[in-house]
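Taken from TrEMBL, the feature domain 'Acylphosphatase-like' applies to 37-89. The active site annotation in TrEMBL covers Arg52, Asn70.
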Amino acid sequence: MCPLPLAAAAVAAPRTPLRLLGRGLAAAMSTAGPLKSVDYEVFGRVQGVCFRMYTEDEAKKIGVVGWVKNTSKGTVTGQVQGPEEKVNS
């Protein structure tokens, strides 16, 4: 299991750690151009395999921000925000 910082999550599911990605929206907004926000849910074997940690590392490399968390359904849900071309990548 990956240790994660705790943060509030407004969901009906049991409280789970919320993983924040990147350094904040201000860092993503520092580049000119349209911003994009995408909500997503990942199905399959994504819990117990450090998927959230991997997602955070990739977000830092690409230069986007957002959050990711486990759900009570066994999936991972999240949101990614940043310049459109980086979010699309």
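All positions are counted from 1 along the displayed chain.
A Cβ is built for glycine as well, from the same backbone N, Cα and C atoms used for every other residue.
Computed from a predicted structure; not experimentally measured.
If you take the Cα of Asn70 (active site) and the Cα of Arg52 (active site), they are about 8 angstrom apart, rounded to a whole number.
Note: the domain 'Acylphosphatase-like' (37-89) comprises 17 helix, 20 strand, 16 coil (DSSP; helix = H, G, I, strand = E, B). A mean pLDDT of 92 is what the model gives for the domain 'Acylphosphatase-like' (37-89). Around Arg52 (active site), taking its Cβ as the centre, 23 other Cβ atoms fall within 10 Å, counting all chains.
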